[in-house]
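Comments concern the structure below.
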Amino acid sequence: MRPVGMIGKWQDRFAQSQPLALEVGSGKGQFIIGMAQAHPEQNFIALEIQEVAIAYILRKQVELQLPNLQLILGDGAALTDYFAPGEISQLFLNFSDPWPKSRHEKRRLTYRHFLAEDQAILASDGRLQFKTDNQGFFEYSLVSMNNFGMTFDLVALDLHHDARVTDNIETEYEQKFASRGGRIYELVAHFPTKKDTPARA
Ligand SMILES: C[S@@+](CC[C@H](N)C(=O)[O-])C[C@H]1O[C@@H](n2cnc3c(N)ncnc32)[C@H](O)[C@@H]1O
C-alpha cells in the first residue's frame, strides 16, 4: 500500500525536523544505518521493494532505535507517489540493478524517466549520489545524467583509492565486491535549477 497520507509530511515521523535523505534499494541496510549513526543532524529513509530485506533493516532498527531513521516497503520507481516536490535533500542509489541488456534500458534507475522522478522530489540544492561496481552502468549513467542537464560535483573512477573521498560508508554489495579486488565507481550530481536553464531567444 502506498503511504499517500505521508506525502509532504515525512518530517512528522522523526524526533526532529532536519534535512531528509533517501536511499532507494537499501538491501539489508548497512549503508543507511551507518549513515544515520554517523549523521544525527540528518534524517534518513530506507526505501526497499523486498519484504525480506526491509524486515532485516527493521529488525536492526528495533534494536538500535535510531531517532533519525524511517523505513518504507515500496517501489523506488515511483518516488512522486511517496514524496512531495523538494521534500528530499539527498538521494542515494547504491548498487542498483544494472539491467545490462539494451532492451532493459528503461528499467535502469538512472534512465531519464527515473531521473525526472528524482528531480521532482529533490530540493533545488539537492544531490544525487550513485555508487556501482559496474563500469558499463556507470558510463551509461554519466551519459544519461549529462543528457538530462545534470552537473557533476564528483566523479570517482576508483572510490576506495580516491583521496577526495574521506567519509565513504560501505554498502553490503560494495564490501563484497571491494574485498574481491573490484573497483567501485561513484558520482555525485545535481539537477539544473531554473537559473541554470538558458533563456529562450
Ligand atoms: C543489488 S541490491 C543492492 C543493495 C544495497 N544497496 C547494497 O548496495 O548493498 C539492489 C537492491 O535494490 C532493491 N530494489 C530493486 N528495485 C527496487 C525498486 N524499484 N524499489 C526499491 N528497491 C528496489 C532490491 O530489492 C535490492 O535489495
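Glycine residues also receive a Cβ, built from the backbone N, Cα and C atoms like all the rest.
Matching GLU23, GLU63, GLU139, GLU170 to the S-adenosyl-L-methionine binding residues that TrEMBL gives (GLU48, ASP75, ASP97) identifies GLU23. Note on TrEMBL: of 37-42, 85-90, 103-108, the range annotated with the feature region 'Interaction with RNA' is 103-108. Cross-referencing ASP12, ASP133 with the substrate binding residues that TrEMBL gives (LYS101, THR171, GLU172, TYR173, GLU174) picks out ASP133. In this structure, the binding-site residues that sit close to ligand 1, with a C-beta under 6 angstroms from any of its atoms, are ASP75, chosen from GLU23, ASP75, LYS101, ASP133. Tertiary neighbourhood of the region 'Interaction with RNA' (103-108): same-chain residues 96-97, 114, 137, 140-141, 144, selected by CB-CB distance under 8 Å and a gap of 6+ residues from either end. Across the region 'Interaction with RNA' (103-108), mean pLDDT in this model comes to 97. For ASP75 (S-adenosyl-L-methionine binding site), the count of additional Cβ atoms within 10 Å of its Cβ stands at 14 [all protein chains shown]. According to DSSP, TYR173 (substrate binding site) sits within a helical segment. Counting only same-chain residues six or more apart in sequence, the Cβ atoms lying under 8 angstroms from the Cβ of GLU48 (S-adenosyl-L-methionine binding site) belong to GLY25, SER26, GLY27, GLY29, ILE54, ILE57, LEU71, ILE72, LEU73, GLY74.
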